[in-house]
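Below: one structure, written as C-alpha cells.
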C-alpha cells in the first residue's frame with residue numbers, strides 16, 4: 001500500500017527527527033536574481049525558500065528595482081510586510097484605508113526599514129541612479145499579491161464599469177487597457 005507524505009501549504013512536512021541545518025538555510029540573497037516579474041515595471045523578485053519555515057506563517061523575498069523602476073501599487077491580502085533596503089534608495093509608501101486614504105511614505109536608503117500593515121496598498125519607486133535591492137519579510141507564507149493596475153486593466157471588469165468607477169470614459173479605459181494586454 002502506498003502512503004502519501006503529509007503536506008501543509010503545498011509543501012511536504014518533514015519528520016522533525018530528520019531535520020538538518022539546510023532546512024533552515026538559503027544562500028544567494030546577496031545577489032540579484034529570481035524571476036523578471038515585469039520588464040514593463042523594472043523589477044525582479046527572488047522568493048527565499050526556507051523549507052524549515054513551513055507552517056510558521058512567514059515568507060521572504062529579495063526585490064531588485066532598476067533606476068526609474070517601480071514595484072507598482074499592490075497589496076498583500078493575507079500579510080503585513082517589512083522591507084529592508086539592502087542597496088540603493090527607494091521612495092516607499094502605503095496608503096491608509098478609506099475614507100482617509102492618507103499617504104505614509106519616505107525615501108529609504110541602505111539599512112532603512114519600513115513596515116506596511118496587512119492589506120494596505122503600497123508601492124516602491126527607485127528614484128535613484130543606481131539599482132536598488134530590498135529584502136521583504138511577510139507575515140504569511142501565502143501572502144498573496146494583487147497588482148492594482150493588472151487587476152483592473154488586465155482582468156475582465158467591463159469597460160463601462162471601470163469608466164464609472166474611475167470617473168472617466170470608456171475610450172480612456174480602453175487606451176489604458178491596451179497597455180496591459182498580454183502578448
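All residue numbers here begin at 1 and follow the chain in the order shown.
Glycine too: its Cβ is placed from the backbone N, Cα and C atoms.
Listed in TrEMBL for this protein:
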BINDING   74, 76, 81, 122  Mn(2+) binding site
BINDING   76, 81  oxalate binding site
DOMAIN    27-174  domain 'Cupin type-1'
Under 8 Å by Cβ from residue 74 (Mn(2+) binding site), same chain, sequence gap 6 or more: 121, 122, 123, 145, 146, 147, 148
Averaged over the whole of the domain 'Cupin type-1' (27-174), what is the pLDDT? 93
How many other Cβ atoms are found within 10 Å of the Cβ atom of residue 122 (Mn(2+) binding site), counting all protein chains shown? 21
What residues, ordered by sequence, lie under 8 A Cβ-to-Cβ from residue 76 (Mn(2+) binding site) and sit at least six positions away in the same chain? 118, 119, 138, 140, 143, 144, 145, 146
Tally the residues of the domain 'Cupin type-1' (27-174) by DSSP class, grouping H, G and I as helix, E and B as strand, and everything else as coil. 21 helix, 61 strand, 66 coil
